């Protein structure tokens, strides 16, 4: 056992349950002392992240990331609730204060199940992929089955390639020890995460729509159009998943108001740097669970993204003043810039997590290798 105590995944379930009850109670007429619900959530998060671990480092990292994300989500909807617009579903006819407690529990559960705010007043529409056009449940389910199969094969191919690259292995060499050509293979990892999360999301949508809980239009793609990835700002704000956006913007809007920052450039970049700082904290806690020390690089990587976006905005602003307009050539330059940027900054952040074993202890099931060589659970060569 790597931690002081064995990591118990039921803690996450308890954190979610407390958060749902707190949101339901906070939606009623009597909200006195509702902020105190954050205390047990914070304690459980601390216990899971800093006091427990298992022998599966990959699972630990996912669990700890979920716990830290849930803590900041709870902080947003419990601690900061009085300082934000009313939580309200689109088309909601009855205010939460007029609902029964059971109705508010259902209402809070719906909020908990959609971290991106789909069908809620705070839904960040311009940062999400378009909603599905399929109106038939059967057609939607078939399309998502095909999509999930595609992402599984995509994930399988990437996993096969990654298992041949020693830099992704436990105790392996750093990507930074080799030339730039080899270093660019770090891109396999975000592609792998993209494939795995997309497949998982598609399967969840099949269950949700198949059971009649949601409509097909309630499931816009988890990731945006990769063709928009010609700036770092759009990579993070449109292409990558927006699962953390609600609590990041909620906290930074609160801090900006608390400091009485006037709307403008300074406030915008204050929120930008603050959002990436909180995102760094979310991942840094998970890195502690993984590494059992403070050597993780999340607090270097995420604030660096804000600095890069600031630089990028300045360059784009100067180009516009000089009369340049967006065209194919400038988009191509943007794609190269984004590709090189992440090839530069991803290795220092991810090296420690790979070398701790997250890749080798991750999902090692291969349909391709199983059919080809009869090896359904291949290991690193």
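Using N, Cα and C of the backbone, Cβ positions are placed for all residues, glycine too.
Just so you know, TrEMBL annotations never went through curation; they're auto-generated.
Values in this document were obtained by computation on a predicted structure and should not be read as measured data.
Database features (TrEMBL):
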TRANSMEM  31-49  transmembrane segment
TRANSMEM  61-80  transmembrane segment
TRANSMEM  141-162  transmembrane segment
TRANSMEM  193-214  transmembrane segment
DOMAIN    219-303  domain 'Wax synthase'
TRANSMEM  328-350  transmembrane segment
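Broken down by DSSP into helix, strand and coil, the domain 'Wax synthase' (219-303) contains 58 helix, 0 strand, 27 coil. For the transmembrane segment (61-80), the residues of the chain that approach it from at least six positions outside its boundaries are 7, 9, 11-12, 15-16, 18-19, 22-23, 26, 34-35, 37-38, 41-42, 44-45, 48-49, 87, 111, 115, 243-244, 246-248, 250-251, 254, 278, 281-283, 285-290, 353, 358, judged by C-beta separation under 8 angstroms. Distant neighbours of the transmembrane segment (141-162): 132, 134, 168, 188-189, 191-192, 195-196, 198-199, 202-203, 205-206, 209-210, 219, 359, 363-364, 366-369, 378; these residues of the same chain sit at least 6 beyond its ends, with a Cβ under 8 Å from one of its Cβ atoms.
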